[in-house]
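S.K.: Let me give you the structure first, and then I'll get to my questions.
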Amino acid sequence: MATIRHSSLFSIVIAALSLLLLTPLTSEFQALGLLVLAIFCWATSWLKPIHAGVMVPIVGLMLGAVSMEEVATKAFNPVVSVFVFGFVFAHLFRRAGLGNWVQATVLRLSGGSQPLALMGFALLAFVTSMVVTNVATVALMFPIALSLAPYTPGERGTPLQKYIGVVIVLYATMGGISSIIGSTTSLIVSGLTDIELSEWTLLMLPITLSITALGAIMAAWVFRPEFGALEQPLPTAPSLNPRQKRICGAIALVLLSWFGCYRYGGETGRVVATLIPWLSIPLLARIAKDRVSSLLAGIKWSVVCIFVSALILSTILRTHGLADYLIVEMSDFIDALPREIHILGMLLTIMLFTEFVSNSGTVAIWGPFVLFLSAPLQLDLAQVAIILAVGGSSSFILPSSTPGNAILYGAGVVTTKEMVPLGYRLKAITLLVCVVGLLYW
């Protein structure tokens, strides 16, 4: 309790100091100050995640740099609603015991082949991440896939166990990038670039599928896993009970209704699409015989807040003239080197930065810069999206960079030292695929 009080007090002090320092400044430098505050909040762990997530909107509102209407518009929209619903889906999936059914079904379809079963779990992780968040997908699929080579906590992981863990995290991460609702990075970047859901998926799929395929091959080369036959007889997939069927049907109905309203309903449809995931939570709780508070507790509110804050910060930087100011000040530097060097330097910087800061924090911080430099560097919005979403999600080494990495390392299957030889190779693959995408896609 004392720790919570101290954390809250520290956050209040930071907010008060920010107001004290920024209030006398002009609007351009207030926007710059809010950017510095965002870097402090999202690139360090000094504040509680939820406090870091709401700091920029609160200070921006108190400065008058953003209106309550603008904050509400960014916070309440169809994409945020279905992103939040992904956490509810993951919670229900675990509570309803659907993991055993998925595991047995994939093993049966693989015919007892470990490589085919792993590929089935990996592809399922990829597709699931496009609908549910990649964070939730890793938490769901990692223990299921690891049943192919059961791991005892505390022991050193075998090459096969390491390979399974890395492949599931890689496929879930890339699947999340392939959809605007699959990860915080794609959610933030799509919000900054105004790329629609279908356009985003068509843009990202060739890139993410290339990275997953090449990454899986590279991981096999580094870890040298030895596959064997699965124990016979293979488990029989249990029949779904009536409650599980109702849960699956309700979730499918929610997602299809959301997509129909979002894609084809116009402005009114988008309002309805915003409400559908929220209104479905009490119904799902009743079907699952669970509490609404339990479903809401599974939502990672700090992640949602950082996404909304990034969009609000981008609005402030745009409306307060900081973007134009920075472009004018940097014009000589931009003209001094070829645009290709600047673009490659930006991509490499983001790929390095994301190892030390969370992927969502990275794109939230760098997003406005890359977006505002797109005009002088002659970048279209698709190229901006590739640089930010893919480059910002290329954290393959440190455990603190993504929740997927944290889950992988937390299980003890692989260590950071063991990931270094693969991690920098995965970065090289990502860089190569991004460059090809920027040039030809």
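Including glycine, each Cβ sits where the backbone N, Cα and C put it.
Taken from TrEMBL, the feature domain 'Citrate transporter-like' applies to 41-391. The transmembrane segment annotation in TrEMBL covers 37-63, 75-93, 116-142, 163-188, 200-223, 247-265, 271-289, 301-321, 341-374, 381-402, 422-440.
Neighbours and distances for these, please.
M.R.: Mean per-residue pLDDT, taken over the domain 'Citrate transporter-like' (41-391), amounts to 85.
When Cβ-Cβ distances below 8 Å are used as the criterion, the transmembrane segment (116-142) is approached by residues 83, 86-87, 89-90, 93-94, 99, 102, 106-107, 109-110, 148, 164-165, 167-169, 171-179, 181-184, 201, 212, 216, 230, 255, 300, 303, 403-404, 407-408, 411 of the same chain, each at least six residues removed from its ends.
Long-range contacts of the transmembrane segment (163-188) within its own chain (CB-CB distance under 8 A, at least 6 residues past either end) are made by residues 79-80, 82-83, 86, 118, 121-123, 125-135, 137-138, 141-142, 145-146, 148-149, 157, 195, 197, 200-201, 204-205, 208-209, 211-212, 215-216, 219-220, 223, 225, 303, 306-307, 310-311, 359-360, 362-364, 367, 388-390, 392-393, 396, 402, 404-405, 407-408, 411, 413-414, 419, 422, 426.
Taking Cβ pairs closer than 8 Å, the transmembrane segment (200-223) reaches residues 122, 126, 130, 159-160, 162-163, 166-167, 170-171, 174-175, 177-180, 186, 190, 382, 385-386, 389-390, 421-422, 425-426, 429-430, 433-434, 437, 441 in its own chain, all 6 or more past its ends.
Packing against the transmembrane segment (247-265) from elsewhere in the chain are residues 78, 81-82, 85, 89, 92, 96, 98, 131, 197-198, 240, 272-273, 276-277, 280, 283-284, 287-288: each is 6 or more residues past its ends and has a CB under 8 Å from a CB in it.
Panel annotation: around the transmembrane segment (301-321), residues 27-28, 30-31, 34-35, 38, 42, 48-50, 52-57, 60, 65-66, 70-71, 74-75, 80, 83-84, 135, 184, 187-188, 191-192, 360-361, 363-364, 367-368, 371-372 of the same chain, lying at least six beyond its termini, place a Cβ under 8 Å from a Cβ of the stretch.
Beyond the ends of the transmembrane segment (422-440), by six or more residues, the same chain brings 166, 170, 206-207, 210-211, 214-215, 218-219, 222-223, 343-344, 347-348, 351, 383, 386-387, 390-391, 394, 396-397 to within a C-beta distance below 8 angstroms of the stretch.
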